[in-house]
2 protein chains.
Amino acid sequence: MTTAADAPLSPPHSAATETLADLSEGAVLARIFPRLPTASAQLLGPGDDAAVISAPDGRFVVTTDMMIQGPDFRLAWSSPHDLGWKAAATNLSDVAAMGARPTALVVAIAAPPSTPVSVLEGLADGLRDCCEALAPGCGVVGGDLSASDALTLVVTAFGDLEGRAPVLRSGARPGDTVALSGRLGDAGIGLELLFRLGVDSNGVPDLARANALKLTHPTEVAAQLTPVPPIASGPIAALGGATAMLDVSDGLAIDAGRIARASGVGIDFDSSCLGERIEVALGGGEDHGLLATFAPDRVLPPAFRRLGTVVAVSASNWGAITVDGVSHDQGGWDPYRGWDGAAG
Amino acid sequence: MTTAADAPLSPPHSAATETLADLSEGAVLARIFPRLPTASAQLLGPGDDAAVISAPDGRFVVTTDMMIQGPDFRLAWSSPHDLGWKAAATNLSDVAAMGARPTALVVAIAAPPSTPVSVLEGLADGLRDCCEALAPGCGVVGGDLSASDALTLVVTAFGDLEGRAPVLRSGARPGDTVALSGRLGDAGIGLELLFRLGVDSNGVPDLARANALKLTHPTEVAAQLTPVPPIASGPIAALGGATAMLDVSDGLAIDAGRIARASGVGIDFDSSCLGERIEVALGGGEDHGLLATFAPDRVLPPAFRRLGTVVAVSASNWGAITVDGVSHDQGGWDPYRGWDGAAG
């Protein structure tokens with residue numbers, strides 16, 4: 001692990017024009033680390049070969065997620081702050097989906113040497129602001145920097161189960177209530193708007209047009225670029241008896257299918273619970289809500305609303321998703337098929 | 001976290017020609033995960049939003065390190081197996097440098113959609129073989145896949161301090177013996193040979209010439225491409241009373257300077273302990289040995305050999321490195337300044 005303590009003394013530079021190539025790796029880290037939040041669980045932070053984190057119940061939850069310029073984001077649409085925020089939010093959501101409280105992150109960033117240092121400062125600020133807003137006490141305990149043609153963020157997040165069993169995808173039982181904390185469909189609409197209207201006449205992502213969209217469709221664009229997953233709902237659901245749970249990252253139908261497949265059941269959505277745009281609710285990706293199942297006699301925890309019911313199906317139909325009893329086909333995003341190679 | 005459990009059933013393909021674009025992300029993961037070692041500390045492995053790892057003493061060690069095609073490796077020189085091995089080895093070494101026993105890894109990989117699936121299988125095999133050879137019981141508990149123009153590996157590694165205090169960089173005291181477990185200089189010579197002789201007449205990394213070098217200079221090239229850091233020496237040094245320790249990744253002089261700076265001391269190397277090529281021993285990067293300090297009355301643990309002595313210096317000289325009492329200048333690799341932008 002590269003650490004700020006490795007930083008040699010560096011001469012003063014003009015902050016406005018500095019690039020990563022103007023500074024040493026250590027000096028860049030020395031600029032970033034003070035902007036990052038300290039984790040309450042940090043026993044040893046940046047400055048050595050590795051960090052040491054507290055795991056009070058003798059276990060820790062871990063997840064990792066990459067965001068790469070091109071397939072995962074475009075710099076014309078997302079500010080550095082947006083990217084830092086989203087990289088934290090998506091990982092925090094995976095931790096919360098186990099019923100755990102997020103405790104710490106490590107962050108690996110690769111960027112072209114020509115990148116202004118201010119871009120990395122913006123990423124750090126986004127990481128910090130997301131942790132402070134969604135998971136107070138969670139902080140960044142270490143990281144690594146490298147060079148690459150495509151800006152790349154890799155966040156690994158940790159969580160504390162606080163003595164509870166993790167909430168798996170496999171625990172849903174027929175009769176359970178299917179419920180969601182979070183929004184449905186806005187992020188998918190935001191992405192569709194950006195690809196349709198946030199581009200110039202050649203289809204290239206365009207800053208001015210994206211900014212216009214942020215004014216005309218603030219909810220949808222923000223849901224896509226700076227999601228606010230209901231992190232606190234994860235531990236609340238676990239305490240409230242959730243039998244299964246996951247982060248809705250690829251669309252409600254696909255992710256519900258994952259719970260259903262892992263649990264050996266089907267899930268039937270009640271169309272009256274899916275709003276006026278049912279296909280959008282079922283298909284929109286990157287919602288980052290928490291989808292959970294609860295025994296039928298349980299009162300749903302705060303922030304969760306009923307969407308449907310877990311149903312018994314034959315083994316050949318495990319994972320089946322229906323709406324009012326009618327079969328629903330699942331699509332989905334795949335980075336190797338869905339990316340057109342562009343990175344603007 | 002993306003998991004193999006997300007994999008849909010996929011039709012059989014011709015294994016020889018398959019690329020990532022031919023398969024879904026889930027199907028690729030389903031091909032990789034069975035090749036990876038299972039961690040003894042794994043309480044919940046791949047297949048959910050996050051993994052759960054045991055941390056028996058209520059703490060865990062964490063480090064992360066990126067390897068990116070171009071600044072960090074060339075595909076003409078390193079096989080996929082080599083890359084998987086090195087990505088594991090360098091992270092395991094950072095865990096060991098805290099005095100911890102490596103327990104688990106998570107691995108994020110980004111690759112061009114045109115990448116043969118066999119490349120990822122090779123990476124997985126290298127990760128597995130390195131864990132099995134250097135840190136038995138350590139396994140891969142999860143990961144993520146994405147698309148990128150440059151092959152990118154990001155490993156995050158965890159370790160168990162087994163109730164001990166972590167061995168920091170800051171604990172060296174005047175009079176302590178400076179000692180090393182591992183090799184010095186071979187990896188740096190290997191890299192110099194590859195850049196000088198492992199290229200074609202245009203300076204482009206060349207497979208045939210690299211293979212020839214592997215025959216004429218097997219020790220040096222292997223030290224660069226597939227390092228074998230002395231992972232077991234980390235916990236042994238901690239038990240043996242190491243007062244400070246780090247992984248020698250940027251060259252002995254630079255890394256010794258880090259211990260010296262963090263500890264508020266200087267380090268004087270004994271030239272008679274540095275072999276016949278003193279500048280190579282001091283300057284060669286990526287040795288991945290463990291450099292540690294021990295109180296003068298301690299017997300050095302197995303595999304450690306004396307290189308010098310910790311010396312008291314005035315505060316303005318903290319971090320100073322001398323050889324037989326004569327000042328030694330430190331250079332060093334920086335990804336933003338050292339990379340020429342090529343990625344062949």
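FYI, residue positions are counted from 1 along the chain as it appears here.
Just so it is clear, glycine is given a Cβ too, placed from its N, Cα and C backbone atoms.
Per TrEMBL, these features apply:
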type: DOMAIN; residues: A:47-159; note: domain 'PurM-like N-terminal'
type: BINDING; residues: A:Asp49, A:Thr63, A:Asp94; note: Mg(2+) 4 binding site
type: BINDING; residues: A:Asp49, A:Asp94, A:Asp247; note: Mg(2+) 3 binding site
type: BINDING; residues: A:Thr64, A:Asp65, A:Asp144; note: Mg(2+) 1 binding site
type: BINDING; residues: A:Asp65, A:Asp94; note: Mg(2+) 2 binding site
type: BINDING; residues: A:Asp72, A:Glu286, A:Trp333; note: substrate binding site
type: BINDING; residues: A:Gly143, A:Asp144, A:Arg169, A:Ser249; note: ATP binding site
type: DOMAIN; residues: A:173-277; note: domain 'PurM-like C-terminal'
type: BINDING; residues: A:Asp250; note: Mg(2+) 5 binding site
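All chains included, 29 other C-beta atoms sit within 10 angstroms of the C-beta of A:Asp49 (Mg(2+) 4 binding site). When Cβ atoms from all protein chains are considered, those within 10 Å of A:Glu286 (substrate binding site) total 21, not counting its own. Spatial neighbours are here defined as Cα atoms within 10 angstroms of one another, and by that definition A:Asp94 (Mg(2+) 4 binding site) has no neighbours among the binding-site residues A:Gly143, A:Asp144, A:Arg169.
Taking A:Thr63, A:Asp72, A:Ser249, A:Asp250, A:Glu286 as the binding-site residues under consideration, the smallest Cα distance to A:Asp144 (Mg(2+) 1 binding site) is found for A:Thr63. Residues of the domain 'PurM-like N-terminal' (A:47-159) grouped by DSSP class, helix first, strand second and coil last, total 35 helix, 45 strand, 33 coil. Broken down with DSSP, the domain 'PurM-like C-terminal' (A:173-277) shows 52 helix, 17 strand, 36 coil.
Shown are the binding-site residues A:Thr63, A:Thr64, A:Ser249; the one with the most C-beta atoms within 10 angstroms of its own C-beta is A:Thr63. Of all the binding-site residues in the record (A:Gly143, A:Arg169, A:Asp247), the one with the smallest CA separation from A:Thr63 (Mg(2+) 4 binding site) is A:Asp247. In the three-state DSSP scheme, A:Glu286 (substrate binding site) is classed as coil. Within the same chain, residues at least six positions away from A:Arg169 (ATP binding site) with a Cβ under 8 Å of its Cβ are A:Ala244, A:Met245, A:Leu246, A:Arg258, A:Ile259, A:Ala262, A:Ser263.
Around the Cβ of A:Gly143 (ATP binding site), 29 further Cβ atoms fall within 10 Å across all displayed protein chains.
Not a single one of the binding-site residues A:Thr64, A:Asp65, A:Asp72, A:Asp247, A:Asp250, A:Glu286 has a C-alpha within 10 angstroms of the C-alpha of A:Gly143 (ATP binding site).
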